[in-house]
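Visitor: The structure's right below; bear with me while I get my questions together.
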Amino acid sequence: MAKTPKTYHVKSFGCQMNVYDGERMSELMAEQGLSAAASAEEADLVVLNTCHIREKATEKVYSDIGRLRKGGRKPMIAVAGCVAQAEGEEIVRRAQVDVVVGPQAYHNLPKLVADAAGGKAALDTDMPLASKFGALPARRRVAPGAFLTVQEGCDKFCTYCVVPYTRGAEVSRPFAAIVDEARALVDAGAREITLLGQNVNAWADEDGRGLDALIRDLDRIEGLARIRYTTSHPNDMTQRLIDAHRDVEKLMPYLHLPVQSGNDRVLKAMNRSHSRDSYLRILDRVREARPDIALSGDFIVGFPGETDAEFEDTLRLVDEVRYSQAFSFKYSPRPGTPAAEMDGAVPRGVMDERLQRLQAALNRDQAAFNEATVGKTCDVLIERRGKHPGQMLGKSPWLQSVHLATDAQIGDMVTVDIERAGPNSLAGVERVKAAA
Ligand code: 5AD
Ligand code: SF4
């Protein structure tokens, strides 16, 4: 029987929403009187906050469980997140973990841990109607760049994706609850807030307000310097939201708008419900509203049936858009999704080659985007210490990492002349303030 744990460690995989959930679970454990262990290896309770989006992510969980038990150690292990939701009891069967808790049930973690310590099976993958957020403790201390979940779940049912099954239907948190949490985050040290949702731009409330209205309201919070949001779906990119990029100074010039493929037949088979052209026209309007906007995206290569010519369409789209950065993946069949039943599996070698070619093009554009920042002056939000003494690391408005030598502290906003660019980061010098 597992003992009642005194120390905990939460390890999050996957998307930023998992990072947010991981922070909230840590706060819950701290509220229960547990203290944070220095590492997973030293903790009495390890929460693995898992991702189910691609096969590799899932397999990682099982190898992690094995590693935690090396040398005969027996920490209490809780599997949370999307693998917990998708596999449920199967995880208990396969790996004999103590707790399994889904992404909509983790407010029950204290009870589940107590049950497990008492020798009871502790599994909760319910998706209750009442939101978990009301049952979570208040935010206390956070990093300068904080996450805030405003919307969860997905009703789009892209044929490759598990999210509608693991995170459930689209649900928007109420306007007032979000604004309250944003204020609490700022009081707890946040200067930048990234609004999170699987379809964050589908956020809406009962009064018909959309994400643009929420952003305009958050803009008024004193002490909050920057607002970002992710991840968006092209079909929910309203003109009002695009206009907010023109009007709201705190809204950073950055948009992550996944397209997945540049070919209409593939987009249709993916059930994306937008075309190559409609996607590009949205970007036209976004760039019209905010000419310096940095664009990011997600891509899948080797979707079932994807031909060489169809893949070339994706490369051509990349050439046209010139992303500042992007994420690209090999298609991974997920059990229970429609695409997993489709014919036309693309051979591994072909998939590898396509991914390499796509990533070469994306890396080229990322380097060019970084290079184009050299000579500009911009605000940098200091987030952490660098490797060298006196060196700090922060983020540009376009989400690039910036290294600089400065006396500024974590959480400060400094004005920086960008002097050098690398493939993954920038370097600059702090602009000395003119004497008053
Ligand atoms: N295989 C490969 N990539 C996937 N993604 C989602 N599902 C799959 C899958 N089955 C990618 C998409 C999505 C990102 C979060 O992960 O590009 O936008
Ligand atoms: Fe992974 Fe998607 Fe779950 Fe995030 S929501 S953890 S990306 S499966």
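Glycine is treated like the rest: Cβ placed from N, Cα and C.
So TrEMBL lists the following for this protein:
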{"type": "BINDING", "residues": "Cys15, Cys51, Cys82", "note": "[4Fe-4S] cluster 1 binding site"}
{"type": "BINDING", "residues": "Cys154, Cys158, Cys161", "note": "[4Fe-4S] cluster 2 binding site"}
{"type": "DOMAIN", "residues": "6-118", "note": "domain 'MTTase N-terminal'"}
{"type": "DOMAIN", "residues": "140-368", "note": "domain 'Radical SAM core'"}
{"type": "DOMAIN", "residues": "371-432", "note": "domain 'TRAM'"}
Visitor: Can you count the other CB atoms that lie within 10 A of the CB of Cys82 ([4Fe-4S] cluster 1 binding site)?
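Guide: For Cys82 ([4Fe-4S] cluster 1 binding site), the count of other Cβ atoms within 10 Å is 26.
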Visitor: Neighbour count first, Cβ atoms within 10 Å, every protein chain included; then name which of Cys15, Cys51 tops the list of binding-site residues.
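Guide: Of the binding-site residues Cys15, Cys51, the highest Cβ count within 10 Å belongs to Cys51.
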Visitor: Give me the count of other Cβ atoms within 10 A of the Cβ belonging to Cys158 ([4Fe-4S] cluster 2 binding site).
Guide: 21
Visitor: State the mean pLDDT for the domain 'Radical SAM core' (140-368).
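Guide: That stretch averages a pLDDT of 97.
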Visitor: Do you know offhand how many angstrom separate Cys161 ([4Fe-4S] cluster 2 binding site) and Cys82 ([4Fe-4S] cluster 1 binding site) by C-alpha?
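Guide: About 12 Å separates the two Cα atoms.
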Visitor: Neighbours of the [4Fe-4S] cluster 1 site Cys15, Cys51, Cys82: Cβ within 8 Å of the Cβ centroid, same chain, sequence order.
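Guide: The surrounding set, listed in chain order, is Phe13, Gly14, Met17, Asn18, Thr50, His52, Ile53, Ala57, Gly81, Thr166.
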Visitor: Hey, does DSSP put Cys15 ([4Fe-4S] cluster 1 binding site) in a helix, a strand, or just coil?
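Guide: Cys15 ([4Fe-4S] cluster 1 binding site) sits in coil per DSSP, no helix or strand.
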